[in-house]
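K.L.:
Structure incoming, see below.
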């Protein structure tokens, strides 16, 4: 597929451009998003911009239950749709040159330059503008501190190149924001009288009341606008906004600068009536350090992250930029500091999809965080689900079923999405929750979670499956009807091979662990329950086609008109933007091949021939319109020695957003699928596997690359893996010696193992 | 099933009650709805009522495109959801007794009585109330004229039983109304400056602008409040309402009366700037007659309708009341005067379901209107579809398909509903449109419609089907995947027997008629097209089970857990109010048995054994939660000699609303399914059939009945059919002699045929 749109230059550590892409401004904003796990925002300009754009600042865990209903609400539907909401615009700094408001959408500028530095998360921009004979060079720079999560620093600097007059900066904290998808211009913020203070530049806002018993969030922003220049200040407060105006009188050769510091606290951490005091204390504390020192601390923290996680690619700058962009955005979204949070599909870069927690976390993010961060980060992701077990039980009851059903989309654990074919039917997600427990335990060797919390989760998920299957008398088999698999281009299908497989696996794995940890477990199973589970395991129906030698996606898949994606024309794709839903559903084309997803998850349970036949059957029909799809194909293609296909799939996942493959990055980045490029390199190209607690590699080097290298954290060890044109070099950077397998041969890693690259 | 709720007494011609059912007030309002095909309203009280109720006045053809969107809009979805909107409340007459506003929700009353007279469509009510020593007996009465469609007459009368003081009547025309299901309190009416006049008591309102290019409707209401008593008058106008206040000074023994006449005109008939003049002219014209004369004319017109349509049942007053209620409400909704209108599922009795045209019209209403009204009425229903052929072509294009797809829900012919499993997939509706053409032609013998308009419709529907099927290579059969059949308790199924059957029938019927009328036809088919159609006809796949000897609802239906409805408990039903949607979908329980629907439509194409086996298989799994379901079962049960089942099904359809069987009549009456009780009697108990242009009967008399009698209009003849305990008596009331079949034997009907009832 051609590159649809590439706005930024190729650079190993940066996104840079000298073009203001007015026609693709939303895309430019998405790609320049920054975040610190606590808050984040799209690459909106500090000063007002009147052109088409998408203003978006988001606070982790701050959301709203959307009351919009449509006529065909079904029984059992959630009462509300949980929405990520746009929060206070706190970067705002309107600039007036000789009383003309600067607006890059309408005014001519020169020397535009924008840069997102992925090494330290600093977004900067400059341009030259002339108004009434006064020419200034403006520079903005901002970061969200990863050392003090409540802190944002926005710096403005202007050099006067010619002329004289005034430069006015209006620095704002503004809650007059709304969502892109608001119906009827619905707003979410109201004023509050929680605190009052005449001197501090702050604003406190609260989400408006709702009828669903969802907590109202209160947020306080406090700012200081520091400058070393002579300035005339004034300020103004309204119910939802606070502004400070700074007027500078300037002439050629002058340089003025405003350092805006913002502290943002929310009622998730601080009670409403204490927020101003807390914010003030944090402000005072950070004022002990200069802006330069604060910046340096932030940069060092990013350097530490990269030291554990960086992937180096030589010989392919596009690929290098892609993988770093993905890791940068992932860590900007989530770095495991808060077990009440999870990884939203758009992170802090957009509003689409509502909700903040999807199965993506367990299926795609867990393996990456396991390898690149401390195991506590992943454990927090697992605890998040354990904490929400009561809500998952509630979800199952809503469907009249036993056990626990983890939600498709949620903030609190209660399902908050309203599409029956997803909410009610895309229940395979429940399997991924269990799989993450297996993944964590198998990867880390730490059984404490499964014993203390995991088994409770597993048993309740198993109970759900045992109730959700039905017995088909005429087949003498258990079946699962009415599901949507990971391939969301088919809905309400029967006996989705993937769902049936993972459901059966959950029952097996739960039984196994229940028996292993029974004496220590806090759950007890009845004998009848065990017998029922065993019966289901023995008699589960799996659709297969013996002639083709494949697992069949679902009962009637092979009755379709079976065509390869090469039969599609350019005007057909992406299908979801060109075909009506019914046509997509009855076509053979696959958004994400779920049989292959199952083979990927359970890679030790299938022969190479089985993998090959299924890959050869499903891959040609897969359109990869799920951002989660290509990485899995990359991993399998690599295992099957199909290097070209693996590299093609890598490229698609690595630069999905940078090259706007799916033509929807303007809505925000595909955060959760950003793990895909890492999976493609590490589990694909390097064939790292950990089945049965055995670490193994079987690397190849893409033809156009000179080398690639990555780190992993494995069972309290830091390993560095380097693959160049000749050698596979694995170095133990810290921790005890380790037995590992390379190309099927066992090696003892004490310091470095180097063996020849297989070609 | 028990009778869930019966608010009104049993009476052959009336709904009467002496109880104000405050706890079921919405149900009481639904059941006392009146309409005249042009406008109608729920049984709202004239005076203000502060208790829970549903204010609702509706104007035929006046609607609004709802802009509400939810997050998961799919490609190809209609832009808006078409909504029936609440229009001017023109019956309003607030009553003040000694300056206290009367409100039956809160004030004690005596001698409450409410009556809906189905013979003449007059709704009346009385009650006695005492305020500050003043006791009055109030009586309201209203009707919507069926001789002057724009005219409504509302009469108020008060007798002073004790005390003295004032009675104040505030008579209003009020556009401050909104829909029950409005999101964000959305309103639909705005003021207009189209006309101004200081003396007339009128108000003009226009639907607010929309972004969809849908016409804005303008509506003018003009009133006169006539009284013979001494009165002090004053009036008040606001932008959306007009009120006249009449104050009467009264004492014991006085009687006061106000006759409120309203003329209502809409921009569907009269341009906005001419509406007041037109309304005034109509008012003047009706003022040539007294209220008593206007009432009498209205009553005579109803008497004429009943003379053609009445069904008399002796020995079962509940059944008698049921059938008359259904016919009354049907004729109140539609009597064929306007070919731009159709029959909405709630008529003028509620807002639910949006839209005004469903396939219900063709499948269930056409047979009734064919028999009970002039054939022009049905022809108008058919022309409605022919007029909308371009829109139906548009709908097909939206799905990327050829031909024409008639909408599931519409006002204009463009699909205006947004549920993919309905809008995109419940395409069997396209078959019913064709079936109605067959039905009309076969029943009337009039081939003019099929030649002049029908064939164009048929060919385009056939083209849709020919494009919508796909060829399954491994089965060497054509299939139809991804549909929802009439049984809406399964979605997105493959090879729905009903859909496959009716699609194939359309191809056959269209070919047949194309060949018959080719020389006169305005459409031309290519040879390749004909060949393709023939191939599809020859190779269509139909799911059958040879062992069970049945047609299978769809591909995997028999894999379900198959249970009879007797396995359901009281807390399960109705399923749609107790089970989550996924559970309903994967259960075997059937909302409406579509295999039986097909067997009903094409009753001449199946053997009695086939009918029996399928009935015995599907009937026990059918929950009849579609109001369209029981009548079809009644017809088939009757044919199969299962009298008890036929009667049970009749009762369910005849008193569906009167006894609130589905527990949802509070939202409005099930107008389109009201034909069911008539179908059950005429096509069921009397076994009237018209296949192959041959009229036949094979009546039985339900055990508990003494007799039943009905009329039919057949090929320019009026027949009266009387079935009592001994005899079947068929009388030719007008028209030429006719050959007909009774119990399989041919008879020549010249005057009366009487033969013994078969027992």
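Every residue gets a Cβ built from N, Cα and C, even glycine.
Not measured: the values here are computed from a predicted model.
Not my notes, these are from TrEMBL:
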DOMAIN    B:16-268  domain 'Glycoside hydrolase family 65 N-terminal'
DOMAIN    B:324-678  domain 'Glycoside hydrolase family 65 central catalytic'
BINDING   B:359, B:360, B:591, B:592  substrate binding site
ACT_SITE  B:488  active site, proton donor
DOMAIN    B:688-749  domain 'Glycoside hydrolase family 65 C-terminal'
K.L.:
Can you name every residue in this chain, apart from B:359, B:360, B:591, B:592, with its Cβ inside 8 Å of the center of the Cβ atoms of the recorded substrate site?
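P.N.:
My list of surrounding residues reads B:363, B:486, B:488, B:626, B:628, B:629.
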K.L.:
Tell me, if you would, which residue among B:359, B:360, B:488, B:591, B:592 (recorded positions) has the fewest other CB atoms within 10 Å in the structure shown?
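P.N.:
Each of the recorded positions B:359, B:360, B:488, B:591, B:592 was scored by Cβ atoms within 10 Å; lowest is B:488.
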K.L.:
About how far apart, in whole Å, are the alpha carbons (Cα) of residue B:360 (substrate binding site) and the residue listed as 'active site, proton donor'?
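P.N.:
Rounded to the nearest whole number, the Cα-Cα distance is 14 Å.
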K.L.:
Which of the three DSSP-derived classes (helix, strand, coil) applies to residue B:592 (substrate binding site)?
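P.N.:
SS state of residue B:592 (substrate binding site) = coil.
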K.L.:
Starting from residue B:488 (active site, proton donor), work out which of the binding-site residues listed here (B:359, B:591, B:592) have their Cα within 10 Å, and give them in sequence order.
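P.N.:
Matched binding-site residues: B:591, B:592, sequence order.
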K.L.:
If you measure every Cα to Cα distance among B:359, B:360, B:591, B:592, the residues said to bind substrate, what is the biggest one in Å?
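P.N.:
Across B:359, B:360, B:591, B:592, the two farthest Cα atoms sit 16 Å apart.
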K.L.:
Just to be sure I understand, if DSSP states are collapsed into helix, strand and coil, how many residues of the domain 'Glycoside hydrolase family 65 C-terminal' (B:688-749) fall in each?
P.N.:
3 helix, 37 strand, 22 coil
K.L.:
Summarise the model's confidence over the domain 'Glycoside hydrolase family 65 central catalytic' (B:324-678) as a mean pLDDT value.
P.N.:
95
